[in-house]
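First up is the structure itself, then whatever we jot down about it.
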């Protein structure tokens with residue numbers, strides 16, 4: 001009995017979700033670039049524009065994942081995760097060796113950009129392998145699942161900061177090179193541990209009672225993550241006010257480990273125990289029934305839709321894409337007006353927040369904040385990034401289910417809320433950088449899961465592995481335009497005007513240092529303006545999709561809807577057949593488990 005329960009836990013959807021949470025908790029190393037970027041600049045003697053170029057390639061690596069999506073279309077998730085782990089270890093290890101001076105002569109700028117792009121690209125593989133798999137396994141709760149998973153990614157910056165302080169000694173303002181090494185080996189190790197657990201588990205439509213129990217489990221995960229975020233916030237405040245010893249940093253890291261590893265595992269065991277008890281009772285009841293009920297007839301949904309599908313295949317499908325919510329092909333999604341609007345809003349809306357996050361270290365320095373405060377800003381962004389993601393995930397799902405509020409409308413509201421944060425940075429009001437980091441972190445976190453959920457809702461889940469990464473491409477495009485071409489150039493121009501060329505022996509080794517509010521004023525006024533434009537574009541998308549969101553967009557995933565209506569219009573044959581097959585083979589298992597091999 002114990003062995004059967006253990007096998008069920010390891011092979012179950014909830015353990016798969018638990019592994020995904022941990023992978024996501026270690027997959028946000030790109031968000032702490034602001035902590036160690038100063039060491040890259042000073043060690044390698046870069047100007048601000050050169051450093052922003054490195055940051056741009058970091059964003060490129062983290063967000064260009066179309067190749068990861070294409071790999072996921074033809075291989076199981078464990079292959080995607082294994083590739084990502086190898087890239088993470090290789091890229092960040094070479095970056096660490098370069099910054100630590102272990103590579104002589106110092107590598108050129110293009111090679112450093114390549115190192116960080118390869119290391120950061122592992123995040124795209126982790127997202128594709130774990131996050132996309134979770135969305136496919138919990139399709140009717142995709143907003144909540146995206147919010148939770150992206151929330152754990154948002155917390156990863158603060159988690160890495162605590163682990164760095166515990167592993168490599170106190171200070172928070174000293175040598176940050178070991179942090180690069182930490183983000184090289186830890187995410188790779190976590191992905192390798194859960195290679196066998198992350199897999200697609202086909203699930204038939206489920207009854208409302210099971211869906212409600214799933215939602216309660218998601219809420220339990222939310223409470224655990226909220227408790228973890230609260231602890232991290234208190235730890236950050238105390239560490240800023242008092243000087244901790246290494247042992248005290250170790251205690252903080254131990255509490256983080258316990259809350260991250262043990263509490264979510266308890267939720268997994270609770271859910272699987274309830275499912276195990278239900279399945280045991282069901283098997284006993286079926287054994288007592290005589291004669292056994294015949295298997296349900298094969299649903300006619302597939303055959304009912306085949307003539308319609310055959311007719312569609314005879315038309316130029318590119319010119320006549322399916323209705324919103326059905327499975328688009330990759331090409332149909334790419335050429336659609338909805339994708340163009342969403343891509344444009346992400347470029348200038350999310351790109352602006354990335355510009356603020358990547359420059360937080362230099363913004364604090366130019367405004368005269370002590371160096372120890374930079375780690376505080378990055379941790380605040382990380383925590384409020386998390387809060388934005390989980391808030392957007394749960395709130396947008398509730399507003400959509402109860403009031404049919406279109407998700408694009410909520411994204412537009414979030415982008416408008418970002419504008420005051422950019423203006424606070426632009427005008428450099430004393431002490432305002434704390435409030436700006438909160439606003440930017442929250443809005444960046446809130447926008448992302450909703451944008452990714454919109455892609456899955458408008459264009460279907462069949463090719464979501466690739467379309468998810470198409471949406472992510474917009475972020476580095478915006479980062480290049482606003483971070484490198486606008487913020488970086490304007491910073492260097494102002495530094496040259498001030499005549500602040502660093503002397504020999506200075507931290508910057510020939511780099512340019514800008515001091516004062518003028519360093520980022522013009523660039524963040526530009527960022528605020530284009531963010532307003534992005535909000536307007538998102539409002540246009542909300543208007544275009546208002547009729548789609550007025551209906552029940554998750555009808556096909558609810559028990560009784562697909563079969564009662566003879567199948568969901570426009571659903572692919574493969575999708576209908578898989579649901580039918582799931583119903584025949586495992587009618588007694590409410591989570592749709594079919595005993596797939598863990599490595600497939």
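Note that the numbers count up from 1, one per residue, in the order the chain is shown.
Glycine is no exception: its Cβ is also placed from the backbone N, Cα and C atoms.
It is 220-238, from the ranges 201-219, 220-238, 277-295, that TrEMBL records as transmembrane segment.
Between the stretches 58-77, 78-97, 298-317, TrEMBL puts its transmembrane segment entry on 78-97. Looking at 15-36, 220-238, 250-269, 407-426, the range that has the most CB pairs within less than 8 A of the transmembrane segment (179-200) turns out to be 15-36.
Put simply, of 15-36, 78-97, 330-357, the stretch with the most CB pairs closer than 8 A to the transmembrane segment (369-387) is 15-36. Restricting the average to the domain 'Nodulin-like' (13-268) gives a pLDDT of 88. Taking Cβ pairs closer than 8 Å, the transmembrane segment (330-357) reaches residues 31, 33-34, 59, 317-318, 321-322, 324, 363, 381, 408, 411, 415, 418, 421-422, 425, 436, 440-441, 443-444, 447-448, 451, 454-455, 458-459, 463, 466-467, 470-471, 473-475, 477-479, 481-483, 486-487, 523-524, 527-528, 530-531, 533-535, 537-538, 540-541, 544-545 in its own chain, all 6 or more past its ends. Away from its own ends, the transmembrane segment (433-455) comes close to residues 142-143, 146-147, 150-151, 154, 333, 339, 342, 345-346, 349-350, 353-354, 356-357, 360, 363-364, 367, 369, 376-377, 380-389, 391-393, 396, 407-408, 410-411, 414-415, 417-418, 420-422, 424-425, 464, 467-468, 470-471 of its chain (Cβ-Cβ under 8 Å, at least six residues beyond either end).
Under 8 Å from some Cβ of the transmembrane segment (524-543) lie the Cβ atoms of residues 338, 341-342, 344-349, 352, 355-356, 406, 408-409, 411-413, 415-416, 418-419, 422-423, 425-426, 482, 486-487, all in the same chain and six or more residues away from its ends.
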